[in-house]
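Residues or ranges marked as compositional bias 'Basic and acidic residues' in TrEMBL: B:337-350. Per TrEMBL, the feature disulfide bond maps to B:CYS44-B:CYS53, B:CYS79-B:CYS94. Residues or ranges marked as domain 'Fibronectin type-III' in TrEMBL: B:131-229. The annotation region 'Disordered' is assigned in TrEMBL to B:322-350. Feature annotation from TrEMBL assigns signal peptide to B:1-24. According to TrEMBL, the feature transmembrane segment maps to B:234-255.
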Amino acid sequence: FFIKTVFLWLGGNQVSPLRPICDLRVLDHFVPEARDSEVIMVRSLCCRGGCGVMKSYFVPLTSVDFAVLEHIDVSHDAVEVQTGLSLLDKALSNAMKTVRNSPLANALDNNISNIHSLGQILHSLDLQVVVGLHFTSPHDSAPASTQTQEVSSLPELLQVHSSFLRGKVRLLLSAAPACQRQNS
Amino acid sequence: MTKMRSNRLKIVFMVCLAIVTIGGQHFESKVAQLLQDETEHIKCFVERKDLTCFWEERNHLHHQYTFTYSYENKNKMACAVSSLLAGNKTIFFCKLPKTPFFTTLDVQVLRDGRMLYTRSLNAENFLFLDPPQNLTVMSSGKEGQLNVSWLPPPLKYMDDSMIYEVRYAAEGSNMGKVEVVKVSTMLVLLGLQSDTRYTVWARVKPDGVAYKGYWSAWTEPVFGVTPPSDVDPLIVLLVLFIGLILCLLSLTVILSHHKFLLKKLWPDIPTPEHKFPGLFTVYKGDFKEWMSQNNGSMWGRSAHVYTEELPSPLEVLSEVSLTSHGMSQREEEEEKESERSDSGLTDRWRDPPHAHWLMEQLRALQENPESRCQSSLLQSHDTYVTLNQGDNEQQVYDVFEETLPLQTLFTTAGTSSLSTSHSDLGSLQQSLGSGRLSSRSSFEYPNHTWPHKGPGYAYMAVADSGVSMDYSPMSSSRIAELGRHRMYTNDYKNEICPHKWPLSGQHIKSGSESCTGPVW
């Protein structure tokens, strides 16, 4: 809650430049909460049978190829991450509507708040000039901004959500130039 | 035959090549560990950046195995299968090229085109890293400390997600300790023994947030020696200085109270040596010799000593009515001499004339103990000072109450006799031995017949001046003579049973009822 308050205050103040938030412990706190949603979903009687409503969700691709991670000088990875966070935000919001009045609804609401916080963090890093980072091979036909996939269940959605945070979002934050300048 | 041999050589070559190309030096150990720990049919791990999956089969080399994988709804892709012989089993493995992380992988094993095993996993959750490299142990220069450092796994973007364990133990000791370190690649070991050789190991594992996996194998042991204990010279000086101050303070206290401490710790053993000058130094403890040399002078002195230090519990009240016809002329002369020379009965330190005779009797008694109970008549020619208020019975009672001073005695009617005698019963006790004192009154014998108690009793003349009391022995004849007079008697029974004390004076009897002589 404290972090959310900070981010809201940061978001409300558009005049002064944001100070880069490079501490990965923030993200390391969001990741377990994403996993908690998966656990709650598994334990919830409501969702073992799919909660009665099967719905498709468009979610970002999460796969990361370390072999090609630094080989392509493309700066669209930051856009890919921001786009993916936006897709997850929408998908989780739609999923929360189907699990109202259940313990999973509170967990999903928490996950959505965390995604908003990550957006503020990325904004503070000024990632428009991120270079040297590409999550997938440039030979893929689909453009980076359209690299999405469709999932048909809530468990798959939550799994994508967790993988996206642990993978692309974390790699982008750890490789952000603003944070590299602070560490040096 | 030749063809079979060549096939076997090819298989061995392929296996060795597979080991070299697929895995590093720890590949076989990792495979062995997962074969033991992992329950899934398809066992997978990520060694560096690629995922390796394997399974074991009995020796079914004639089967055709196929390994496929897919992710993110993409088409299935095949992976080249290799095999490795392990005893009576065969290990089949496949290393995925360009392993996708942070996505769900669907892997399948087909045997002769049929589905054998299948599994879904995320590659970032099965990291099985090599042990940390360049483990170094160095002395920090401080007592009980060692600096340990190592290199992180050569995986960029993963080094901040690692956790390490450092195990250390003193050389030759089976008891080791484990320290957990997060992210950092150095550790300072504290609380170690000085000048001791330590063995250190380390291993690594993902921290479980972004990546998960297995503990790596321990590194090869690395040794380090702690520096010897370095005692600060300043501390040594301070300790010595404080110790010196404490010693001086203790010495000062002891010297200022040495007398008190000596009395408490080494109390003087009382010795009567100072009361018997020359007894132990000159006469070597021979009391007889000492007595013989110091009979006259020491008698009075000892009497004085006895008077001072051995108070007699005997309380004797004497009352006697004496007549002049009972006194000899000599006694009268001596009495006059005593009256002139003595300032009352207080002058008791003049040696009485009968003392020498008495000592001789005592000596005779010691030399001849058999005559202890024999009757012997002790003749005394001394005169006695008696408390006499005449024949008046009332006066007798007054004296009995010990209220009449000696001066008054001399002025009373009737005859009185002075005699020097021993000042107190105690001195006599010393010379006469132990005994019991009882008292009788002449009023018990109205016929003035004083019963002679026989050889077991000795009679003493007691003179009470109101200031002091003198006791002197009396003979039986004297007792008989005095028996005709009204008197109070204290029967003194001593150990010298049948002694008959010779008397020159009149018998003085006291009427005390509770006389118990001190037992020596």
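Cβ atoms here come from the backbone N, Cα and C positions, even for glycine.
Counting same-chain residues at least six beyond the ends of the transmembrane segment (B:234-255), those with a Cβ under 8 angstroms from any Cβ of the stretch are 261.
Across the structure, B:CYS44 (disulfide bond) and B:CYS94 (disulfide bond) are spaced 9 Å apart at their Cα atoms. For the domain 'Fibronectin type-III' (B:131-229), the mean pLDDT of the prediction comes to 92.
For B:CYS53 (disulfide bond), the same-chain residues 6+ apart in sequence whose C-beta sits under 8 angstroms from its C-beta are B:ILE42, B:LYS43, B:CYS44, B:PHE67, B:CYS79, B:PHE93, B:CYS94, B:LEU96, B:VAL107.
Other Cβ atoms within 10 Å of the Cβ of B:CYS44 (disulfide bond), summed over all protein chains shown, number 25. As a summary of secondary structure, the domain 'Fibronectin type-III' (B:131-229) carries 3 helix, 49 strand, 47 coil according to DSSP. Shown are the disulfide-bonded residues B:CYS79, B:CYS94; of these, the residue with the fewest other Cβ atoms within 10 Å is B:CYS79.
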